[in-house]
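Participant: I am attaching a structure below and will ask some questions about it afterwards.
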């Protein structure tokens, strides 16, 4: 029961990231628009006092503000899409459900426009509907309900005379019905829930605010490995606390109150549950990255320098910390625990200094500048000395403990690797056994790089055995296991499914072959070759790819390209080794024996081929510059996590790889040398 609930929480936490990702754009517009209307910036740049400039500034502030004013519907749409694998029908259902819920609650409670205008009543005008104020939580509830309706009814069959309403068209209909029913209990119980939340938050802060902010920072950081931190901080940011803004509306949540106080140009009281991130993300973690680099083995420092520099800059500028945190989380849990304690203490220290800083996305310099320095409404400069002290503490602690306990942080790993003597034909049987057997498999899937398995009991999974069988990495998220077997992952998954269905009973019947391994051995003794850019765009370091399978080089080394166009051409003369069924990735082999994976975008496997047109098939011979794939780039931008495209050499095996060009490239430019 708990494991299933935990898995659902992880999915909800991930779904919350879609609407949260909108907030930085809203914050940028609001912060700049507000700053341009402020005396501080106008005294430095008198020309911005011009009427035209001020009108633009007001429009910018209004454009950003309207997003914060409508967070409830944004969260409803975002959560629905996130929990329904990106299908737009779920968003339509969420919108239908949102307006039905609010209209029904408003009519049931007899809410008039006059009542909604009085914030003290707990009512509000939501999209012009006088109704009960349920805030972001109401949006999340509707989004989750819409996703449930979609997943339950998207493929429903109806009698032929009702066939038009079958399938996905049935989802909004059911959502309207469910929302109408939900409105009555919501109208009855929500006022008590909101009152309880307010009483809890006020009591928490009144009893011991310092302890509250410390525990918030400490617990939030500890939840990051489980992906539950987004759920934990949501009540603090969007529901706890209250503030009556200049328009007479009651605003709930630390983040929303902070933004409203910026807009109202009043003294700040919010930010207690956000500001502690700045010293850690801008100073502490970059210093930890320096310690990890300096304690790496000499022969590995060049590689580690790139990883740590990228992670440190990401943390400093944007406040995205996972690339750094996951570099030491699993190999040195003690460091992560100390990191969590220091994070909580940072919240406490800034509270004791009576600072009030906030952000729209995370505690990086961009938010610090836009919502701290520009508004200039609190003593933001105190973050700098606190941060410098934090940098020293992080560096000293990390360096000392890494050396003292010989933690295998990046660059300090043992080089000895246990090789697998298992025949390729036996691999699906061995992997199934390592996963705990057929009875332990709840759901089996794969993409071109990894085997994705949801298990019933994670304790029955032998992670070390999976690595010994050839997995370059094993990721564990709740009861979901991801074993990185590279391009043969789909073959392994296919054969495992056939074994579980009783269709394969012996190794001789499997489809996984040793051909690739034999060729790899031959190639390792041969020369190298050149890889030419298959896509026009910007070449970036592979460590910048926001997917650990690629950024940590579990599949191999290479580059990534941020594409400007959707045309993919052959990067060398060779042969097509694999075209994934969902068309988002293609495996090639050059005449020099270089095996290359081109993986267009991230999580594009979920698009099921939409937006992709493959122009070749497996075993086709190809020549340099030959078109391989046409991609609808606009569709991918709208529906995928990212368009960044990893281009990975999957069979280096002792050879070296050199990146020949960074920055802007056109098709046919030399980008990789294997030697």
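One is the number of the first residue shown, and numbering goes on along the chain from there.
Glycine too: its Cβ is placed from the backbone N, Cα and C atoms.
Keep in mind it's a predicted model, so treat the numbers as computed, not measured.
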Participant: When Swiss-Prot marks a stretch as transmembrane segment, which of 250-270, 355-375, 418-438 is it?
Facilitator: 355-375
Participant: For the transmembrane segment entry in Swiss-Prot, name the matching range from 303-323, 450-470.
Facilitator: 303-323
Participant: Given 149-169, 170-190, which one carries Swiss-Prot's transmembrane segment label?
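Facilitator: Swiss-Prot lists transmembrane segment for residues 170-190.
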Participant: Please tell me whether the transmembrane segment (329-349) and the transmembrane segment (170-190) touch - that is, whether there are at least 3 C-beta pairs under 8 Å between them, with each pair 6 or more apart in sequence.
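Facilitator: These two segments do not touch.
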Participant: Given the transmembrane segment (89-109), which of the listed stretches 63-83, 170-190, 273-293, 303-323 has the most Cβ pairs that are under 8 Å apart from it?
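Facilitator: Answer is 170-190, with the largest number of Cβ pairs below 8 Å.
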Participant: For the domain 'PTS EIIA type-1' (547-651), DSSP counts of helix, strand and coil?
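Facilitator: Counting residues by DSSP class gives 15 helix, 44 strand, 46 coil.
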Participant: What residues in the same chain, six or more past the boundaries of the transmembrane segment (273-293), come closer than 8 Å to it by Cβ-Cβ distance?
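Facilitator: Apart from its flanks, the transmembrane segment (273-293) reaches 213, 216-217, 233, 236-237, 240, 254-255, 258, 301, 304-305, 308-309, 311-313, 315-316, 319, 321, 324-325, 327-328, 335, 339, 342-344, 346-351, 355-359, 362-365, 368, 372, 383, 386-388, 390-395, 398-399, 402, 409-411.
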Participant: May I ask for the residues of the chain that lie six or more residues beyond the transmembrane segment (303-323) and have a Cβ under 8 Å from a Cβ within it?
Facilitator: 224, 277, 280-282, 285-286, 289-290, 292-293, 296, 359, 361-367, 410-411, 541, 543-544, 546, 551
Participant: Going along the chain, which residues at least six beyond the ends of the transmembrane segment (16-36) come within the CB cut-off of under 8 Å?
Facilitator: 42, 48, 53-54, 56-65, 67-68, 71, 74-75, 77-79, 81-82, 140, 230-231, 234, 259, 262-263, 265, 359-361, 366-367, 370-371, 374-375
Participant: With the transmembrane segment (126-146) as the reference, find which of 63-83, 170-190, 355-375 contributes the most Cβ pairs under 8 Å.
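Facilitator: Between the candidates 63-83, 170-190, 355-375, the best contact partner of the transmembrane segment (126-146) is 63-83.
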Participant: Neighbour count, 10 Å Cβ-Cβ cut-off, for residue 599 (active site, tele-phosphohistidine intermediate): what number do you get?
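Facilitator: Residue 599 (active site, tele-phosphohistidine intermediate) is surrounded by 27 other Cβ atoms within 10 Å.
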